[in-house]
Amino acid sequence: MAASSLWDELVVAASTGGSSGTVVSICVFTAVLCLCLVAGHLLEENKWVNESITALIIGCIVGALIFLLSKGRNSHILRFDEQLFFIYVLPPIIFNAGFQVKKKQFFHNFLTIMSFGVFGVFISVAIVSAGFYWLLPKVGFGKLDAVDYLALGVIFSSTDTVCTLQVISQDETPRLYSLVFGEGVVNDATSVVLFNAIKNMDITKIKSGAVLKVIGDFLYLFATSTILGATIGLFTAYVLKALYFGRHSTDREVALMALMAYLSYMLAELLSLSGILTVFFCGIVMSHYAWHNVTESSRITTRHIFATLSFIAETFIFLYVGMDALDMDKWKTTQASFKTSIGIFGVIISLILLGRAAFVFPLSILSNFMSGNSEKAPITFKHQVVIWWAGLMRGAVSIALAYNQSSHFQV
């Protein structure tokens, strides 16, 4: 009884808000994050369950407990804000991806990765959006504006390759690993840039060059964001080399790299560029130049601290999504029947797979043809299937974009 009473008090405090409710929410959420860490460690050798799935399942369980104890009033410990995600949670994830990337393999396969991550997204968005426009009304989904269909196409074209990477050996299949990882990161960056471009598109001018304007805006944002990220990374490397911070304090070296990385992201947002692209290429440049201008202790520290921040951020996202699955407020916004929901789910899965197949296999064949007799290992059909299937999973960026878009329509 005492334990149940304590849980009731915690749930009431967390759901009513206020300063005490905020403290309780943060304490409980931190404890659950620690539980995810322990569970992920225990399941580390399991190739079928990774940290993301573990966090998702634990989130569902915790959400169910809160839902029952609050008698159906709530299923959350904290409330999600997509602005909080884009400002605080996303930067460490993307920066660490750039900082930890195997640069030799990444740039060795740069053209293929960019074709998958950029042109592939455009192809997938076109197919998924057109499919939604044609099929969703047939299964009972309400009619939407053209911009909403395009936005949905972008949301469901953004991938998460973490699960796939856990079953791919980087040593045995280095090119496949590089392609899956590189495409995942560039895909996320492209999706965010394209999503923002579509949101700003004037639908009334769609017949007078709006599509070309979207493509032009995308290319401009992609180029300028990349240049900004590389410039800040090079500037950080120069400062570290010229002032030699490590002679006085390792902490200053690590702090400077972390703050300059975050500054690159915020500057890009301030200039209406793509923060995700900027911080990704800032991470690549820093790992290649700045990382070699710091002391050995700083190298070890930066590797671990950036990976840790990224891990916590990703776990936070999937844990929240697990709890959000039982959010009755969202379920009440739809009038769709169970049959309609199943139909929508089937349409989404089919279009995602069709959209990826439309670019993975043709672009892989083109890449093999362009490689010719070079030293690059060809992308075999089995590898193409793995790359195609890897795109079935949605990640943190898709989740954030979905939250951003969800307020604009309902079923």
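The first residue you see is number 1, and the count goes up from there.
Placed from the backbone N, Cα and C atoms, the Cβ positions cover glycine too.
Taken from TrEMBL, the feature transmembrane segment applies to 20-40 (among others).
As annotated by TrEMBL, domain 'Cation/H+ exchanger transmembrane' applies to 31-403.
The feature transmembrane segment is assigned by TrEMBL to 52-70 (among others).
Here TrEMBL flags 82-99 (among others) as transmembrane segment.
The transmembrane segment annotation in TrEMBL covers 111-135 (among others). Counting only same-chain residues 6+ beyond the ends of the transmembrane segment (111-135), those with a CB under 8 A from a CB of the stretch are 144, 146, 149-150, 152-154, 156-158, 178-179, 182-187, 189-191, 194, 222, 347, 350-352, 354-356, 358-360, 363-364, 366-367, 370, 379, 387, 391.
The transmembrane segment feature in TrEMBL is assigned to 147-169 (among others).
Among residues of the same chain six or more beyond the transmembrane segment (176-198), those with a C-beta under 8 A of the stretch's C-beta atoms are 94, 97-98, 101-102, 105-106, 108-109, 112-114, 116-118, 120-122, 125, 147, 150-151, 154-155, 157-162, 164-165, 168-170, 214, 217-218, 221-222, 225, 274, 276-277, 280, 379, 383, 386-387, 390-391, 395, 397-398, 401, 404. Under the heading transmembrane segment, TrEMBL lists 176-198 (among others).
Here TrEMBL flags 218-240 (among others) as transmembrane segment.
Annotated transmembrane segment per TrEMBL: 261-291 (among others), in sequence order.
For the transmembrane segment (303-321), the list of distant contacts is 29, 32-33, 36-37, 40, 51-53, 55-56, 58-59, 62, 76, 78, 80, 85, 89-90, 92-93, 95-97, 99-100, 162, 254, 258, 283, 396, 399-400: same-chain residues at least six beyond its ends, Cβ to Cβ under 8 Å. Summarising the annotation, TrEMBL assigns transmembrane segment to 303-321 (among others).
Look at TrEMBL and you will find 342-365 (among others) tagged as transmembrane segment.
Positions annotated as transmembrane segment by TrEMBL: 385-403 (among others).
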Touch test for the transmembrane segment (52-70) and the transmembrane segment (82-99), at least 3 Cβ pairs under 8 Å: no
